[in-house]
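Q: The domain 'Cadherin' annotation in TrEMBL covers 122-194, 195-312, 313-426, 427-534, 533-643.
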Amino acid sequence: FLFFDDCAGNEGLAFEVSHPDFQVDEEMNLVARRDVMDSGTVMFIHGVNEQADDMAQVDIVGAPPRSPQTLREILGLGQIQPYRSKRALFAPRMHVNENMEPPFPKVIGTVMSPGMENDHIFHMTGSGADQDPKGVFTINRVTGEVSVSQELDREAISSYTLEVSVTDLSGKLVEGPVALLVDVNDQNDNRPIFKETRYAGEVLEGSPTGTVVMTMTAEDADDPRLQNAVLRYNIVRQSPDKPSPNMFYINPESGNIVTVISPTLLDRETLPTTQYELEIVAQDMKGRDVGLTGTATATITITDKNDHAPEFTHSLFQANVDEGSTGVAVNLTVDDRDDPATGAWRAIYSIINGDPTQNFEIQTNPDNNEGMLSVVKPLDYESVVFHTLLIKVENEDPLVPDVGYGSSSTATVHITVLDVNEGPVFFPDPLQVTKMENIPLGSFVALLNATDPDVLQSQSIRFAVLRDPANWLSVNPVRGTVNTSANLDRESPYVHDNKYTAIFMATDNGNRPASGTGTLVIHLEDYNDNAPYVHPSVVRVCEDTKDSVVIVGGRDRDIHPNAGPFKIELGKQPGLEKTWKVSRVNNTHAQIMLLQSMKRANYQLPLVVTDSGLPPLSNSTEIKVQVCTCKKNRMDCSSAGSYTVSLVLLSLFCEYTVSSPAHPIL
């Protein structure tokens, strides 16, 4: 039987036995696992728990002789030999407290060897001995005492695994190596630390008692298996402390903060503030006074629910609006006790009666929650003078079930339309007419029609030209008749897509005269007043007649039927047809061919082009023909000669013969 007393009830006591044939049972008896025949053997028993750590040596003495039971045992037949264990090197698990104070070294335990001789010595290796961190532990080479040489920090290294062996003086291994475990015992040297210094949470007003608001969590670096790291939470301060200093409670173990105040008192609109600040303390050692503490702050916001309907500040709003104008007519104001800038406070306005033609629109001003009633379609004094609108206001978020919208959530708006002198209105606008270009000056073009919307007033109207880009038109100021003051030219740059646009103004004689504008669009029909011309005006041919062909086309500023088809032919000068030939290609183009070789030079070729108008117009013109040298698909015109002699001058020297069908030019 073993006796071990740690003066604390031996809680958590465990034993280690160095001899493999023995063990300590639950009643602290040392019992053999099998037959033991090695008398004189020394073994060690190591007892350890959180409060104590001790070791005892046990010598095994001789057992009483046994009498043979059977003939087989007498003869030694089939006898089972008892297990004999070798004397073993024993390194008990050792423990050392962190933060030990000097002096050092301090003995923490002993390694034992039953077969230790005078010429035997102990060795220790591993992290903490001859490996980093080096020199933390040392072993007495003769006695086997293990010592710690410095202060330890369990939070840095919680345990060390070393190896111990026995050698003779020559270094020959005698026993081992065996493992030596050294545990660093925790001391309560770390305060609880919250992950953040300030925490934020929120709870909806009217929430039931016991509603979880948030969770506070702190960490302790000490051994989590010991009370050194077992935390308890507590609220030490609430600010403000109204209506109760204990509106919230924190679960000591979980850190959950819950509401204690009744739902009725948790009313955001009646509380002195919407934010409460709690000072939370976390304490280790299960919250005992000896425990270390850490502190954090929790800010809890009481959030709003839509338990108040918006109400108009007045049941009747009034506004005056000028006819013909648009924009905001009146701002509607409401009161709402819910949290501003939330859906429970933000208002949505709607017109529920009095606007069949949708002349009005109402929007919410995001800055002050007012309803901006606007005129979006101009009002007409002559049609309706008074408008009565019924407006409703609601919140973006739905109201809570036990709250509804009352009569104060609707209001009446009276709009009075003020008479304004309105400008005359043209009809139709635009006015469109069709005229032939080049009609005589002073010709009638159109009659302008403008009426004054102010039918309740007797006012006259006068007309004037406001915009006439080409200065082609004039208007009678009283009758509104428009006549030409210049030729209408369809080919003018002021005409686009055969249309000429002018703007006229009509002004009444009101107290404050008002004016209106109207547009006149003249569609111009084409007259054959532009002769056609040939394009291009410069062509090139080869001096070799077999390659001397070019294509030219007719063009006309007029349009169909006063343009193409075009007839292109040689001029009337004698002798041209012997050197040049013009033949039709299609309705708009003709082919010019050189009939005989000519000296490389630049020539002016007379042509006549005629359009298809009724009557047709012809144009006698000339094109420049460059006669060039052509070789291997290349045309060389750079060295073409120039002549200053014209066909007319040649006829003075050659009375009957023309030496050149087309006269050269510089």
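Using the three backbone atoms N, Cα and C, a Cβ is placed for every residue, glycine included.
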Q: May I have the DSSP-based helix, strand and coil counts for the residues of the domain 'Cadherin' (533-643)?
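A: Its residues divide into 7 helix, 58 strand, 46 coil.
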Q: So what's the average pLDDT for the domain 'Cadherin' (313-426)?
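A: A mean pLDDT of 94 is what the model gives the domain 'Cadherin' (313-426).
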Q: Across the domain 'Cadherin' (195-312), what are the DSSP residue counts per state (helix, strand, coil)?
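A: Across the domain 'Cadherin' (195-312), the residues distribute as 6 helix, 50 strand, 62 coil.
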